[in-house]
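*Asks:* One structure, as structure tokens, below. Some questions next.
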């Protein structure tokens, strides 16, 4: 059952939304510049202590701590919430909370991106507890917006003055679907701040600071946080990479990066079903294809291409029962290879096959299994 505070958030969010309708860096120098700009914008940090702050940030985001900018640290490039990840936002005794239980709000203006506003009850003039507005650049709260992408919105913790106010960057294109930025999802997150919630370190939580596509779903961390009682941070609820029982749903390269998929893939690809079984990249088309059962999806970036999912039988010519057989499909000829078992294609030295917690290294020339390893050996785990 949802806590009372989350019920308040969802109720306030519903009224608000009715009123408005529904690469990674190429050089190390660019990486450093991105990190320094991020720290300056959100943490008032100079170059002298930036290494320490990077370590703290990476611990918060669940990344490997090195104190140096790297590909993992570049999560900073993603669109994000503008509230700094500092301790005073945690719901613990002594931190600000609304003293009264009946809160008023007022929407100062509307974004023209979403049409057909509906009738709702609001404070039409004067000062409300929660003032909601769409603004650009410097809007006199010491946290100017930075244009399209980057800082999407921010909200103040409960208190007098601007306390509880939520500001949305009008330079963004707000939508009611998953093109650009979904207003419902961002508003739900920001109104959580307006009611006193902190950021969560659980990547599956609504209160995780980085914007992720997908339907609004409350994680256990979201539900536990607003209970009103001091709670210890739950931390990321992601699988432990060195767990000896760890398995993967799918593995493939994506734009030069090796990607391991496990559960929650709809956080990045909201139109792709959970429970993937296989994936591969077509780099020359900038597409990744995901397979589940007899269906597959073609994805570019985070968007599923038009007309997908499709059926593997009609598209590739798979028989109705594949079972334990191995097949090769020629993307250029758009047909299955013939004589596949005798003429294994490819020019790699070997290929790896994953099944459960194991990975098999297959030699293309001898057509034999060379080694058997744990599937998570890619993560420098000790033997377990």
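Easy rule for this one: first residue shown is 1, then count along the chain.
Glycine is no exception: its Cβ is also placed from the backbone N, Cα and C atoms.
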*Asks:* For the Ca(2+) 2 site that Swiss-Prot describes with 161, 163, 165, which of these is also annotated: 129, 138, 202, 215?
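*Replies:* The record-listed residue among the candidates is 129.
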*Asks:* Looking at the candidate ranges 63-70, 71-78, 79-86, 87-94, report the one that Swiss-Prot labels motif 'Cysteine switch'.
*Replies:* 79-86
*Asks:* On a simple 10 Å Cβ count over all chains shown, which one of the recorded positions 129, 141, 169, 190, 249 is most densely packed?
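*Replies:* Answer by Cβ density within 10 Å: 169.
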*Asks:* Once the chains shown are all counted, how many other Cβ atoms turn up within 10 Å of the Cβ of residue 149 (Ca(2+) 3 binding site)?
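*Replies:* A 10 Å sphere around the Cβ of residue 149 (Ca(2+) 3 binding site) contains 16 other Cβ atoms.
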*Asks:* So how many other Cβ atoms are close to residue 154 (Zn(2+) 1 binding site), meaning within 10 Å of its Cβ?
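*Replies:* Looking across every protein chain shown, the total is 21.
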*Asks:* Just counting, how many other CB atoms are there within 10 A of the CB of residue 277 (Ca(2+) 4 binding site)?
*Replies:* 11
